[in-house]
């Protein structure tokens, strides 16, 4: 969220009046927000009051109540970040010469925007989408709405939770949750709120939560819909996680922390408990007739796209009834719904389930209606199949690189060459690799420690997730080393871990997020610089991301914890000869040689992450 404090400075010919502070989070959806219908009584020289405002594109229009007491005034509107940094002045000049209250209207181009990602910085890009929230000295009102354009999401780091399994409202860490029972275990929005310090302590700037809409209530052959993917009514909430007030409170608390909210949604299907022939369509809303769904057929041929899009997922325990998204009425209903969903619950981004099961031309108008960042699940490792979906959605989950990453690091001596090849392939196949969702685990895939218990291999795979191209996504429990395999074992309750903030992987993930966030803070072109491989061999890959002076060099290996100690010499790092760089995981200083080569001390198969010493000063990284 873009958290901004505006203040109105009133400059008089004779004296300077006190500053009147108003706290905003702006959006650009052209909605007029009324603050005061008439001026409030004031004390002292508080003679400027905001009556209404709207942000339309980059134009701020507003009306002010201004009171003059025998001297002219020029009212200038500035903005101030929450950390106290003054942003660009908005060009508003109001000469006032009457001796009473007057309502002045004005319009100005917002010359800048403020993005808060840990540390504040001024961003000259005014094309971003803002959110409105208002806390004035004399009156209070609020309108909670979305913020997250694709450009803003690039710099985020996402912590994914299965809402039911992350944290309970009562804070219990002993409540029993047997994954094989497949029942609701009591995780909630309030539970997440209570644990945001835990999440933010790892450096995350966004969370992704389970689908929020009402699901079928039945105890099916696969248990209950605790995961949220078995829709029944898209206009109602799944109250097992909490009510509307709880969800809004979660969004508000995230936004107060400068964090974003991503919500998982399903468009492709509704669910039924029982045989496909017995589906009761009247139970669904808003599509309460069979006319809105594809005729029954199971998906049997994934090489046939028509079969993939128009036939049904699931089985006769839980058939997933396929919505006919080719119908204009369905398209318009979904577009209207997603706008309302986002506005009602202050959603900043969407993860979209089963994207490849909906015809591709559905997605561009849907994303336009949403108006925020969307990342689609295209469950396929072939970039020639997956990447074209980025023509219609901002991003897709990076399954093409997920499989080579697992292959490279799940065992000693895995295939590094396949990973190198895929990194290069994606640059030509995908429209923008920096908007892909980079992940190692999720609710649909086995946890990485189910493949290996070797901490060095696990650390290398996590480092790739966070420091390569794309928006990093860490699945809840990775920081505690959870090791469940396929569904349902990868959907464990987190609370038995006690939410340790001193575990090996908690501290490790925090360090990686910290250096990434710092590189973005120093120069946000780090985000659009495409990661490239500067060295590889059968056991090692070294990557550079970031322009000269702000580049992170990441060196990964699959030698495992028993790997020997040796020195790897790297060229093409872009580091200046004789400059000092820090390996930020061990806080070791290394001097680049006269030829610009970097001597990398490798040991125990552990990853190495380098950054220029000169850019670390004041960061707190390695006590700098």
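Think of each number as a place in line: the chain as shown, counted from 1.
Yeah, the Cβs are placed from backbone N, Cα and C, and that goes for glycine too.
Among the features that Swiss-Prot reports, signal peptide is placed at 1-28. According to Swiss-Prot, the feature domain 'CBM21' maps to 40-133, an assignment based on sequence analysis. Annotated disulfide bond per Swiss-Prot: 177-185, 297-311, 387-430, 587-622, in sequence order, evidence recorded as similarity to another entry. The substrate binding site annotation in Swiss-Prot covers 230, 269, 351, 356, 357, 381, 444, 491. The active site, proton donor annotation in Swiss-Prot covers 377 and is backed by similarity to another entry. Sequence annotations record features per position, and here Swiss-Prot assigns site 'Transition state stabilizer' to 444 based on similarity to another entry.
Non-local contacts of residue 430 (disulfide bond) by the CB criterion (under 8 A, 6+ apart in sequence, same chain) comprise 383, 386, 387, 390, 436. Within 10 Å of residue 311 (disulfide bond), judged by CA to CA distance, lie the following recorded positions from the set 185, 230, 356, 357, 377, 587: 357. Cβ contacts within 10 Å of residue 311 (disulfide bond), excluding its own Cβ and spanning all protein chains shown: 18.
Overall, the recorded substrate-binding residues 230, 269, 351, 356, 357, 381, 444, 491 cover a maximum inter-Cα distance of 25 Å.
For the binding-site residues 356, 357, counting C-beta atoms within 10 A of each C-beta gives the highest total at 357. A helical conformation is recorded for residue 387 (disulfide bond) in the three-state DSSP classification. A 10 Å cutoff on Cβ-Cβ distances gives residue 491 (substrate binding site) a total of 24 other Cβ atoms nearby, all chains included. Residue pair residue 230 (substrate binding site) / residue 377 (active site, proton donor) shows a Cα separation of 16 Å. Sequence-distant contacts (6 or more apart, same chain, Cβ under 8 Å) of the residue listed as 'active site, proton donor' comprise 351, 352, 353, 354, 355, 396, 397, 444. Per-residue confidence over the domain 'CBM21' (40-133) averages 45 (mean pLDDT, predicted model). Residue 269 (substrate binding site) is 13 Å away from residue 297 (disulfide bond) when you measure Cα to Cα.
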